[in-house]
Amino acid sequence: MPGFADSFWSNDYAAGLGVLFGKLQQGVVENRQLLTIARMRAEAEDVYGQRLSEIAPAVDKIPNGFNRDDGASVRKAYEGVRTEMEDASKNHKKIAQNIRDLVVNPFTRWCDAHESRLQNSQEELQAKIKAHDKQAELVKKLRSNYFNKCRLVEDLEEENKLAFQDPESAASPKPKQPIPEIKVEPEEEEDDEPYEIGDETYSPDQIKKILAHMLNNIKMGETKVPILGTYQNTSAGTDIVEYLQRHMGTTSISYAERIGQDLITHGFLRLIGNVGNTFANSSRMSYQWRPQAFKLAGVPEKKAPVGRTFSMPLSNGSEGNDSPVVGVVSEYLANWNIPGVNNGRPNETPSERMRREAREADEKYKAAVQKLDEMRCELEEAIFLHLKFLERCELDRLKAIKTVVLDFSGTISNVIPSLQSTVDNMMLYQETVQPLGDLRYLLENYRTGSFVPKVVTYENYYNKVDEQTFGVDLEARARADKKRVPIIVTTLLTYLDHHYPDLEGDEARRGVWLHEVSLKDTHKLRAKVNNGKPPSLEVFAEFDVPTVASLLKLYLLELPDSLVSSHVYEIIRTIYNTTQDSSEDARIPVLQQTLSQLRLTNIATLDACMNHFTRLIELTSADEEYVAKLATTLAPCILRPRTETSLTMEEKHAYRLIRDLFAHKDAIFSELKRMSTLGASATISGNNNRPRAISTDESNRRANMEERNRLILEKANGGRSRATSPAPGPRAHRRDRSVGGPETRFPISPSGITSPTSSQQHGKRPSLGPVLPKRSSLEVPEEAGSAISHPADGNSNGAAPAEAGTPKSETADPLADKRSSLVEKRNSLGRSGARISVGRRIPVVASTTAASQQPSGTEKENLSGGHAPVTLVDAPMDD
């Protein structure tokens, strides 16, 4: 039965959790209703007991009654009835008190704590979802900004190419003329011109001395102006006027203001923080000494310290960068190019600025995507933990209700035997409460979807996927790896093959794929290998084997489309709905035709995975129960519908497909490879055009679906009078293949391929090559030079190919000795001289000298089949 952790997921996370919390809040209301029943019953029992206790005093007040006749027998009957009323009163009061002590008070405390737990979980998850949604919106804005910057850079480059071209130069070339140059003569004459300041005329030498004295004696500092920033080398108007009166002999303030205005006119001062350029004797008006004054006076200019020229927070580490107000103001200030505000790049051209902005936008967008991915992982981890916690809370609530009903009935049954029938009915009701059944009902009627994470990948403007592995399209990842099967898949399968023997017993090996691994540990391993590069085996050594297996399942779940594409989900549904009563012989050819529509990368990856699982099942002698559990676990990883609905969640077509792949792997995939090879040969000989990939046009989907279902029904019901020939012909079905030549479709020599029909007639098994000796172990030999082949270590093919003509031999299998010794037998998996490449078992190629030696007795047993070993190599894809 699925649990909460695999049932309340949705694309935006909030919808599925909203349904769950709605049902949990409904449970809170149910608790209150049950409490109300118990509380009001206690009050009713208390009132009833109080009224019964009032009967005896009321009848005693009546005079001239039974009190006058002491010896009458009727009085004893009366006193018995009167005593019964008092006992009944005590019993009902005791019932009320028991209900309060055993039901109302403890269940009230538990309900308050339960409601508080639900509220805390809901608030925490809502906060994380809100932060995730906010970061997702920021990623969208940064992505739009990044793409716009890249388009502007491209437009600018195109304009630069066409900006200075002469349209008539190509038609009528003219003799080259010298490029006109603008020569600026040195302005030495201007230096000799006198300066009129106030009523006096000063030579340049005198002005130099006056300015040097002013800059050394007038108080200068820095002035902060809102929005614009901080200005250096500023002086107040009152300080300048005070200096002029003290050192230049000005007789009035108006004359001093005239001198200050002349200093502004000659470019030695300028007004800041106000509109205009007027000099006034005011402490509120500040004037900045311009660089011309320092240059003419020969006094070094005081530069602004780095990072203090702008008053707003603009550091990379601050949170101000994310503020839209700061970003808008910064862009406007950069475009205004205001003097005195240091932008750090005074000589930057517009093209350089736009390229820099594009790079900065790319870095921000990439960092935001990485942060969003981390937040998504943290959110999913929190959701997993809370869903499991909420499932325990809901199960505890149902058990608490069961206990409350039992205690409620006990408080009555222990005190009043006369209410036994009522108690029996209440006990019957209590027996009908089934916590697990109610939990299953909740899941079956209100679950919103299984755990299928939606990865927000970094979309490079130039369509590169070099920096990410998870969430990328399978064929794009394989193309980037230059492999038919992505390196991450082959590496994980190879690593598992080499580490199965390290586990104790077949039960532990089979439990690798069924063990529930913490999502946090899986995400931790994912973060170390999600870089677009071949993963290093040292990284896997830090984690246990179930975590590595869980990483492969997470990789398949995070694919944009399932391994068996969702486009064929409806076809597979039709196959299993229409062939339920038919034999497997009628269903397997239809499955072969359906799977042949997949891309070659998907077929090759599915083949590698199925080869791994079937070998694990065979060598560990797995029973039917384990195979069913394994197929259920792998079902969402292999086949998922395009949109998950309440109907698809109850369907078992993916489970049945995996069971068929387990049972008929050789027949299905040998036929797929044969069809692939024949299709490739027909394409080379008869069609030089490159075929198109599977169309995603949905305009004629219904008509195509009806036609496909009709053909499937005809084939399943035996409508044809004779079997279809496997040879290619004008009517042979040929699927469109994806990019890549025939030599890279499957790394198998066509000479070893035979028809399944012919192989069955001659008593041979359908195969892609010679029959290998039957393997009984998944272990890797511990001999010199038998290191694990890994793409990260420099071997891109995963196995060293043997030279042509070199004889091959298999090493001795020590299982023969271990079978004879029951004391030394560790488990069913021994050591064998075999290597594993791309999910297949390959015999080890021995040296030339070793091949020349006579094989031992065990080797003769292994080589008695007379079949030559075959090396399967994952050849690189053609560009």
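Cβ from N, Cα, C; glycine included.
Among the features that TrEMBL reports, coiled coil is placed at 111-142 (among others). Sequence-distant contacts of the coiled coil (111-142), counting only residues of its own chain at least 6 positions beyond either end whose CB sits under 8 Å from a CB of the stretch, comprise 12-14, 17, 21, 24-25, 28, 31-32, 35, 322, 361, 364-365, 368-369, 371-372, 375-376, 378-379, 382-383, 386, 389-390, 393, 396-397, 400, 456.
Feature annotation from TrEMBL assigns coiled coil to 351-378 (among others). Taking Cβ pairs closer than 8 Å, the coiled coil (351-378) reaches residues 128, 131-132, 135-136, 138-139, 142-143, 145-146, 149-150, 152-153, 156-157, 160, 321, 345, 453, 455-458, 461, 523, 526-527 in its own chain, all 6 or more past its ends.
Annotation source TrEMBL lists compositional bias 'Acidic residues' at 186-199.
Taken from TrEMBL, the feature compositional bias 'Polar residues' applies to 681-690 (among others).
Residues annotated as compositional bias 'Basic and acidic residues' in TrEMBL: 698-713 (among others).
Marked as compositional bias 'Low complexity' by TrEMBL: 747-759.
Residues annotated as compositional bias 'Basic and acidic residues' in TrEMBL: 815-827 (among others).
Marked as compositional bias 'Polar residues' by TrEMBL: 846-857 (among others).
Taken from TrEMBL, the feature domain 'F-BAR' applies to 2-438.
This prediction places the mean pLDDT of the domain 'DEP' (214-298) at 87. Look at TrEMBL and you will find 214-298 tagged as domain 'DEP'.
According to TrEMBL, the feature domain 'Rho-GAP' maps to 472-669.
Per TrEMBL, region 'Disordered' is recorded for 163-200 (among others).
Per TrEMBL, region 'Disordered' is recorded for 681-879 (among others).
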How many of the residues that make up the domain 'DEP' (214-298) does DSSP mark as helix, as strand and as coil?
-> 35 helix, 21 strand, 29 coil
